[in-house]
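Novice: Below: one structure in C-alpha cells.
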Amino acid sequence: MSPAQHPFDAALAAIKSLLPHNLSEPRVGIVCGSGLGGLVDCMRNVVLVPYNKIPGFVESTVHGHKSSLAFGFMGPGEGVPVVAMLGRFHPYEGHQIRTVVYPIRVMAKLGIKDIIITNAAGGINPKLSVGTIVVIHDHLALPNLTGLNPLIGPLTSPTHQRFIPLSDAYSPSLRRLMFLAAHHLSLDDSALAEGTYAWVSGPTYETPAEGRFLRLAGVDVVGMSTVPEVLAAREEGLNVMALSLVTNAVVIPEGYRSIRDEVNAELAGKPMDLPVAEVVSHEEVLEMGKAKGEVMMKLVEWVVGEIPKML
Ligand SMILES: O=P(O)(O)O[C@@H]1C[C@H](O)[C@@H](CO)O1
C-alpha cells in the first residue's frame with residue numbers, strides 16, 4: 001500500500017477484486033453474533049471473502065465466530081444484495097476499539113444504507129425467557145461512560161460529525177419492520193420483545209451484584225459487543241437495527257443464598273432447599289444460538305426483503 005493511499009481504499013480494492021460485479025455494491029449489512037452465523041444460510045449466490053485477505057481486518061478468536069465477509073442475495077425475487085460479517089471482533093480479544101468497528105466503516109464505504117447487528121446476550125429482565133429475541137431500542141454502555149468509546153480520536157472522514165446524537169440510534173422504521181415480520185411469520189408475542197442492551201467489556205460474565213445493578217439501571221439484556229458497532233454505524237450515517245437473542249438468564253433467583261442461614265438451618269436440623277444460581281458458559285450461548293438461529297434468520301430475511309420498499 002502506498003503511504004498516500006487511505007487504508008479504506010486498500011480494503012475496498014481487495015474486497016472488490018474478489019467479487020463479481022453484481023455483488024460488489026451491497027445494500028444491507030448484517031453482523032452475525034455468537035452462534036448466529038447460520039444467517040448466511042438464507043443468502044443465495046454466496047461469495048466469501050476471508051478477513052485475512054482484507055487490509056485492516058483481523059481474525060476473530062472467539063469460538064462460534066468465523067472470519068469472513070459473506071456477500072450474496074437475500075429475500076424474495078432477485079433478492080437484496082447483502083454483506084454479512086461471519087464473525088465480529090470484541091475489545092476483550094485484545095483488539096483496539098478502532099479495529100473492532102473497522103468492518104462497519106468498510107461496509108458503509110461499500111455502499112450499505114442499513115445494518116442489522118445481532119448478538120447473543122444474557123437476560124437481565126426476569127420477564128424475558130431464554131430463546132426470546134429482543135429488538136434493542138436503547139443501550140447503556142458502561143465502557144463508553146468510562147472512556148472506551150470507538151469514536152474517540154481523529155475523525156476518519158471529513159464528512160463525519162464530531163458529536164453524534166444517540167436519542168434516535170435504533171431506527172424506528174426498521175424496528176417496526178421487525179414486528180411486522182413477527183406477525184407475518186405468525187410468531188407468538190413472547191418470541192419477540194423490545195428492550196435496553198447493556199454493553200459490558202467482558203470477557204467475564206456478570207457477578208450476581210452486577211446483574212442486580214444492571215437490572216436497577218433499567219437494563220433488559222447484557223452483552224459484550226454491538227454498541228461500538230452501533231456508534232460507528234451511526235457516525236457513518238447508517239440506519240441501525242440491533243437484535244439480541246437471549247441465550248441465558250443472568251439475574252439470580254430471589255432468596256439466593258445466605259451461607260450463614262444455610263449453616264444455621266443445617267445445625268437446627270432443617271436444611272434449606274435453595275435454588276442454585278445458574279453458571280453460564282459460552283457453549284450454552286452457542287447452543288442456544290443454534291437452537292433459535294432459525295427464527296432470527298427468518299425474521300431478518302423478511303425484513304431485508306422489505307427494506308428497499310421503505311423509502
Ligand atoms: O458477539 P456476541 O455479542 O454475540 O457474543 C456474546 C458476547 C461474548 O462475545 C460471548 C459470550 O458468550 O457471546
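Residue positions begin at 1 at the first shown residue.
Cβ atoms are placed via backbone N, Cα and C, with glycine included.
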Novice: Of S34, S129, S201, S244, which does TrEMBL put in the phosphate site with H65, R88, F89, H90, A120, S225?
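Specialist: TrEMBL lists H65, R88, F89, H90, A120, S225 binding phosphate, and from S34, S129, S201, S244 it also lists S34.
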Novice: Using other CB atoms within 10 angstroms as the count, which residue among the binding-site residues S34, N248 scores least?
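Specialist: Result for the binding-site residues S34, N248: minimum number of other Cβ atoms within 10 Å at N248.
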Novice: Count the Cβ atoms, other than its own, that fall within 10 Å of the Cβ of R88 (phosphate binding site), considering every protein chain shown.
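Specialist: The answer is 26.
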Novice: So if I measure Cβ to Cβ from H65 (phosphate binding site) and keep only same-chain residues at least 6 apart in sequence, which ones fall under 8 Å?
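Specialist: Within the chain, H65 (phosphate binding site) has Cβ neighbours under 8 Å at C32, S34, G37, L86, G87, R88.
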Novice: Residues other than S34, H65, R88, F89, H90, A120, S225 within 8 Å, Cβ to Cβ centroid, of the phosphate site?
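Specialist: My list of surrounding residues reads G33, S60, V62, G87, N119, M224.
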